[in-house]
Structure formats: structure tokens, C-alpha cells
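Reading through the C-alpha cells given below for one structure.
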Amino acid sequence: MVAPVPAKRGRKPAATTAPVTGQVQSLTRGLKLLEWIAESNGSVALTELAQQAGLPNSTTHRLLTTMQQQGFVRQVGELGHWAVGAHAFIVGSSFLQSRNLLAIVHPILRKLMEDSGETVNLAVLDQSDHQAIIIDQVQCTQLMRMSAPIGGKLPMHASGAGKAFLSQLSEEQVTSLLHRKGLHAYTHATLVSPLHLKDDLAQTRKRGYSFDDEEHALGLRCVASCIYDEHREPFAALSISGPCSRITDDRVTELGAMVIKAAKEVTLAYGGTR
């Protein structure tokens, strides 16, 4: 049995896709289209993409065909829906290959899963959109376990990895991010008050790990700690996730210590420092 993962919610038409000063408008639009196709985990109709982008069908089609010529997207099925192309995978994979991140981390993830008995995730910080993205996972052997797709995005304010990243930002940066992103309520336990969230982040900094207490999905808990690069900047996070029935109040501190230790081990193996 797999614990439920929150369903995707609809997007507003992209009034927010207007480029910031200095950006190339067509490039920004094309990259957003590619991102939306990737998030669909399948294929998307032209009309749906145009609606999400707030663009005419003709403009959307022109952007897509340009990316198709470069191999970033492709058309599939009889209806000609749009899906991610192989070249997007090649480009994206270079992030991991550049420092062989997964080869370093995966054995540590597996050991952490064995020691904790729960599913362990590796997430990286998407600096451009300030979201946590799962790039590796080792699932536990329990019948009831947490499951999330590789490439899945985690909300910064309502996930273990996200709050671990947020805790490393200044109060001004957090305030700015919350102003842009808002505080969506995924469950009744989601921290939707900026004051309460900032208090939670202060506790995270003090103890060294974040704690998601059913804030993203009911019945699930998660602890997470950041991994740092050679510039002392957090770029990834390890997390342990599982059902409340096993991650009891008594186990949270124990698992928190485990994830801190593992994150420090990855930081050192990666050549980073804290």
C-alpha cells in the first residue's frame, strides 16, 4: 500500500509568466512551456498549453515547433499532443553528471533507509523557481510507505526538504518568497501563517533538521536536513518520510539525528562544507 501523494492542482493562466526586465520573452515562454509539459508526466494538448501560458494557439505552436526542431519536445499520439523530448533529458542529466551526485549519494540513501526503516529522498533546490525537486529515492520495504515521483516538486513551506531550504534563507528572503508564492493549505496542518512558519524555521535552524507534520499530506511525516556545497550554500536535502503510525513523536528526534548525520556525510563526500 502506498501512502497518498497530494494530487496536482490546476494552474492559473500565466499572468506571472511575463518576463522580468532583462529576460528574453520568447525564451522565457518556451522554457515555461517545457516545464509545464514535464510536470504533466505525459503529454499535453496545444490548447491547454496555450491557456496556461495565456498565449494564442499560433504563438504557442510556433514556440513548440522551435523546441521540437532542437529535440526538447515531441508530438505523440493521433491527437498530436506534446511531450518532453530526449534532448531535454540529456541537458537535465548533465546537472547530476557534473559532480556525479547520485553515485555519491545513493549508497548513503540506501543505508539511511536500512537504519531508519523508512523511505529516504534526495531533493535539490531549483533556484529559478524556489522549489524542491526529488531526484532520487530509496523506498522502504514496509507495505505502507511514502511514494513520490522522481522529478516531483515539493512546496517550500509544506515539506521537509522545502522547509530545510527555507531555514537557510534570511528573514528578508523568506518574506519576499512568501509574498511571491503565497502559503497554500495542502492540509489542515499546513502552516499558512507567515509568523507561524517563521517560528517553525527558527526551530529548524536550532535543531538542524526540519519537520513536516502532516503539512503536505495527511498521515505522513517527514524530517529533512540540507547538504552544502564548497561555498557553504545549501543545494540539496535528504529526507526521511513515513506514516504517522511509525514516525511517532518519540521517533522524530531519533530520525532527525539520523538525517543530520547522513546529510553531513554527503556534504563531506561531495567536497562541501558547512
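Including glycine, each Cβ sits where the backbone N, Cα and C put it.
These come from Swiss-Prot:
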type	residues	note
REGION	1-21	region 'Disordered'
DNA_BIND	46-65	DNA-binding region
DOMAIN	101-272	domain 'IclR-ED'
BINDING	Gly160, Ala161, Asp212, Cys222, Ser239, Ile240, Ser241	glyoxylate binding site
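Largest CA to CA distance in the glyoxylate binding set (Gly160, Ala161, Asp212, Cys222, Ser239, Ile240, Ser241): 10 Å, whole number. Cβ contacts within 10 Å of Cys222 (glyoxylate binding site), excluding its own Cβ and spanning all protein chains shown: 31. A simple way to gauge crowding: the CB of Ala161 (glyoxylate binding site) has 30 other CB atoms within 10 angstroms, across all the protein chains here. If you take every residue in the domain 'IclR-ED' (101-272) and average the pLDDT, you get 92.
Broken down with DSSP, the DNA-binding region (46-65) shows 17 helix, 0 strand, 3 coil. With a 10 A radius on its CB, Gly160 (glyoxylate binding site) counts 31 other CB atoms from all the protein chains.
Taking Cβ-Cβ distances under 8 Å and a sequence separation of 6 or more, the neighbours of Asp212 (glyoxylate binding site) in its chain are Ala158, Ser159, Gly160, Lys163, Leu220, Arg221, Cys222, Val223, Ala224, Ser241.
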